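J.: The annotation active site, tele-AMP-histidine intermediate is assigned in Swiss-Prot to 306. Per Swiss-Prot, ATP binding site is recorded for 101, 282, 283, 284, 285.
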């Protein structure tokens, strides 16, 4: 059984999520202890338990310690169950997108359909539009297709969002994403839920003003939804090159002007573009598991402590050689033995 110190490195929920994903894919059980030991509210929280529950449902796993506040978890996976429908509610503050990241690599070609309720656009995790515009599009480039249906949006603290992820199929193989290539267009989605439509327009116009100096077409659409459970706004952007995609997002909050939201996302996008990386700081972390599973290399925007921690967990499950060089940007290469 693989032993994992949950306080290692950045010591957050990503250690658990990566472990769950790779445990199911490899069939290797693990024990994680000191879960989130250095955080203000240590131990498993509700959103972490839903990741455990989802993976348990998919693989009929045996578990011990899967309860709120637990600082230790044992997870013993069995065979992944195909042709499965799973419904889950990760709570008002729970991130739908973090669940998608955890589950998706493990259900490729398994005919699993998952309905997730919770927060689609919440702090400290990628927004659902980033997942649609960037994450899923880059996965398509490496041979993985997935259908995502955004039924309702959910913002902190009320939640109420709903997403279906299904038809996750493909034949991924070794890949090389070492440059963005010539920038061709910037796409985006500016949204509001149960707020005036002009907020989405102002976010969009603010981002467009800053991005116009890049000299490429800009296509930002607005998504205005009234009558949602939660109120909120945000914008996600994707700079599409001939070979890869760089993304960024920003969320509104009380007291934060719509123009600031749009400007923030645009400046994050430009900062990532200026690193000359092939993928942005979010995707630098998320692509690592796919590169490690199939053999791949890419240039990430920044080697964060989060990415470094992820790398060390991956090496516990997979017999691979990882070469990393640089910091901002960094080059990641995984070779499968």
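Glycine too: its Cβ is placed from the backbone N, Cα and C atoms.
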J.: So which one is it: of the recorded positions 282, 306, which has the fewest other Cβ atoms within 10 Å?
T.: 306
J.: When you measure from the Cβ of residue 283 (ATP binding site), how many other Cβ atoms are you left with inside 10 Å?
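T.: For residue 283 (ATP binding site), the count of other Cβ atoms within 10 Å is 26.
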J.: Test of understanding: give the count of other CB atoms lying within 10 angstroms of the CB of residue 284 (ATP binding site).
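T.: Other Cβ atoms found within 10 Å: 26.
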J.: By a simple count, how many Cβ atoms lie within 10 Å of the Cβ of residue 101 (ATP binding site), its own Cβ left out?
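T.: Summing over all protein chains shown, residue 101 (ATP binding site) has 23 other Cβ atoms within 10 Å.
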J.: Under 8 Å between C-beta atoms and at least six apart in sequence, can you list the same-chain neighbours of residue 285 (ATP binding site), or say none if there are none?
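T.: Expected: 14, 300, 304, 306, 307, 310.
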J.: Rounded to a whole number, what is the top Cα to Cα distance in Å among the residues the record ties to ATP, namely 101, 282, 283, 284, 285?
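T.: Greatest Cα separation within the listed binding residues comes to 13 Å.
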J.: Through the lens of DSSP with three states only, how would you label residue 285 (ATP binding site)?
T.: helix
